[in-house]
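Asks: The structure's right below; bear with me while I get my questions together.
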């Protein structure tokens, strides 16, 4: 009897039918795949994307060149050079972030005492030439100026968790 059962299981490809049963069960369920360029999933306001430097309302940059973000960066992706102004305050002469090194951990954003460096919701960007991965101070300020309203709204929503 056992030999007949084994023969029927082998002849009827029982294991294959069990696999097809699983496939058939999942074939008619709702799809979870998102066709990315055409459909986009919602992004949290806490998403850590492309960096930006912010300015005060009067147009002056917020960064005071304390270099805390440079020190706390685990990937050593941030490089800051500073100069002292005539009134005795320091400001950055160069601020660079190497996006190939950056791991988007958010430590730079958390450590900033004046809320100067932030990570935006921008997740789609590319580089066509060598060296474009280095975000300079001018690029970071331009991103901050362009998306300031969105950055401020996200910071306002997230204020209870800071």
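Cβ atoms are placed via backbone N, Cα and C, with glycine included.
Dumping what Swiss-Prot says about this protein:
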DOMAIN    54-83  domain '4Fe-4S ferredoxin-type 1'
BINDING   63, 66, 69, 112  [4Fe-4S] cluster 1 binding site
BINDING   73, 102, 105, 108  [4Fe-4S] cluster 2 binding site
DOMAIN    93-122  domain '4Fe-4S ferredoxin-type 2'
Asks: Based on Cα distances to residue 63 ([4Fe-4S] cluster 1 binding site), point out the closest of the binding-site residues 73, 102, 105, 108.
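Replies: Nearest candidate: 108.
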Asks: Relative to the Cβ of residue 102 ([4Fe-4S] cluster 2 binding site), which residues of the same chain, six or more apart in sequence, are found under 8 Å away?
Replies: 51, 73, 75, 77
Asks: As a test of the contact definition, list every same-chain residue at least 6 positions from residue 112 ([4Fe-4S] cluster 1 binding site) whose Cβ is closer than 8 Å to its Cβ.
Replies: 68, 69
Asks: Roughly how many Å separate the Cα of residue 105 ([4Fe-4S] cluster 2 binding site) from that of residue 66 ([4Fe-4S] cluster 1 binding site), to the nearest whole number?
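Replies: If we compare the Cα positions of residue 105 ([4Fe-4S] cluster 2 binding site) and residue 66 ([4Fe-4S] cluster 1 binding site), the gap is 19 Å.
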Asks: Within 10 Å of the Cβ of residue 105 ([4Fe-4S] cluster 2 binding site), how many other Cβ atoms can be counted across all chains shown?
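Replies: So the number of other Cβ atoms within 10 Å of residue 105 ([4Fe-4S] cluster 2 binding site) is 15.
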Asks: What counts of helix, strand and coil residues does DSSP assign across the domain '4Fe-4S ferredoxin-type 1' (54-83)?
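Replies: Per DSSP, the residues of the domain '4Fe-4S ferredoxin-type 1' (54-83) fall into 5 helix, 8 strand, 17 coil.
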